[in-house]
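> The feature ATP binding site is assigned by TrEMBL to Gly69, Pro70, Glu71, Ser72, Ser73, Gly74, Lys75, Thr76. The region 'Disordered' feature in TrEMBL is assigned to 333-371. Per TrEMBL, compositional bias 'Acidic residues' is recorded for 336-347, 355-371.
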Amino acid sequence: MSTSHDANRQKALDQALKQIEKNFGKGAIMKMGESTDTQVSTVPSGSLSLDIALGVGGYPRGRIIEVYGPESSGKTTVALHAVAEVQKQGGIAAFIDAENALDPEYARALGVDIDELLLSQPDTGEQGLEIADALVSSGAIDIVVVDSVAALVPRAEIEGEMGDSHVGLQARLMSQALRKLSGSINKTKTIAMFINQIREKVGVMFGNPETTPGGRALKFYSTIRLEVRRGERIKSGQDIIGNRTKIKVVKNKVAPPFKVAEVDIMYGQGISQAGELVDLAADMDIIKKSGSWYSYGDDRIGQGRENAKLYLTENPDIFKEIDSKVRAEYGFGPAVEDDDLEDEAADEETKNDSASDEENETLDLFNDDEE
């Protein structure tokens, strides 16, 4: 009785599956184990610390990422590093610059091939999102960055008067766009990265008053949400040359959330690979720290963190060796380019030369006074 009942149920299911495939095409429904895409495919973020915090070694393909934080915290830098990594793998990247603030020279310094980067500076929010939809639907784009959601101004607001009220207009625009985009993003395995600003809710007495513009839709549709916060300043002598930056994974659907990556964002260079490698390797005892001295194996590599960073940038073979050990601990493959290290080393050398020139001048003055 039960055997015949099970056979009838299976027959009914097979007929239903055939009908679905006939109506909607092959692959419209299948058993999950039969799918070839059960493993999440990723693209490196351009920061080893962030790859580790994300838990899967980078940004998952076919997903929506939101990067938000205060002004000048490093949001666009994080996005441009992702663009550079996609291009290194031979992919095509697009940048929807709604803020009209992209600096091509800075993008080039971060490793972005600006000659191949597709750039759009839309007049309205609708136009920007339509362009993003057309690019994603083509299936030829690997990453599209929208900078920023707050700058996607609805057409009605642009055409209206300055004092007109447009309650919820941007939220409706984003909600409609994401409903349309999410399916094609997943099918074409495109990474859609939305940069967002923060605002403060009025009258909040308890809890965090900060929120992001564009309504709640982006929060729901995002697989990963990154909060970028600027920390202490990095100095070379009296000059400020960068910022210590915290990137917190506040939402993650592909790995455990709430992990934090701490990186050095150097002015004109972006994320310092040498800086994060010194920190990670020291935490894992690959690089030994005794007092202010850092050593690797039997060799001392520098007194103080900045000197250890300089040593690694000037010795790419040692850098690669340590990098591969750190990546092996987390199960990631090698991802360091010699060109990146050479550029970073040149920048560090210039800073150190100027610092040593200042020191020499001071010593000369001191000697003159003694004489």
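Glycine too: its Cβ is placed from the backbone N, Cα and C atoms.
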> Specify the count of other C-beta atoms within 10 Å of the C-beta of Gly74 (ATP binding site).
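Here the count is 23.
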> Just to be sure I understand the packing, how many Cβ atoms besides its own are within 10 Å of the Cβ of Ser72 (ATP binding site)?
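Looking across every protein chain shown, the total is 10.
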> Cβ distance under 8 Å to Thr76 (ATP binding site), same chain, sequence separation 6 or more: which residues?
Ala101, Leu102, Asp147, Ile195
> Just to verify: the residue among Gly69, Pro70 with the fewest other Cβ atoms within 10 Å, which of the binding-site residues is it?
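Counting other Cβ atoms within 10 Å of each of the binding-site residues Gly69, Pro70 gives the minimum at Pro70.
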> Would you list, in sequence order, the residues of this chain other than Gly69, Pro70, Glu71, Ser72, Ser73, Gly74, Lys75, Thr76 that have their CB within 8 A of the centroid of the site's CB atoms, where the site is the one recorded for ATP?
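Other same-chain residues with Cβ inside the cutoff are Val228, Arg230.
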> For Lys75 (ATP binding site), write down the residues of its own chain that are at least 6 apart in sequence and whose Cβ falls under 8 Å from its Cβ; none is a fine answer.
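Looking at Cβ-Cβ distances below 8 Å from Lys75 (ATP binding site), excluding near sequence neighbours, one finds Val67, Tyr68, Gly69, Asp147, Ser148, Ile195, Asn196, Val228.
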> How many other Cβ atoms are found within 10 Å of the Cβ atom of Glu71 (ATP binding site), counting all protein chains shown?
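I count 8 other Cβ atoms within 10 Å of it.
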> Note down the number of other Cβ atoms within 10 Å of the Cβ of Ser73 (ATP binding site), including every protein chain shown.
23
> For Ser72 (ATP binding site), which DSSP three-state class applies?
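It is coil.
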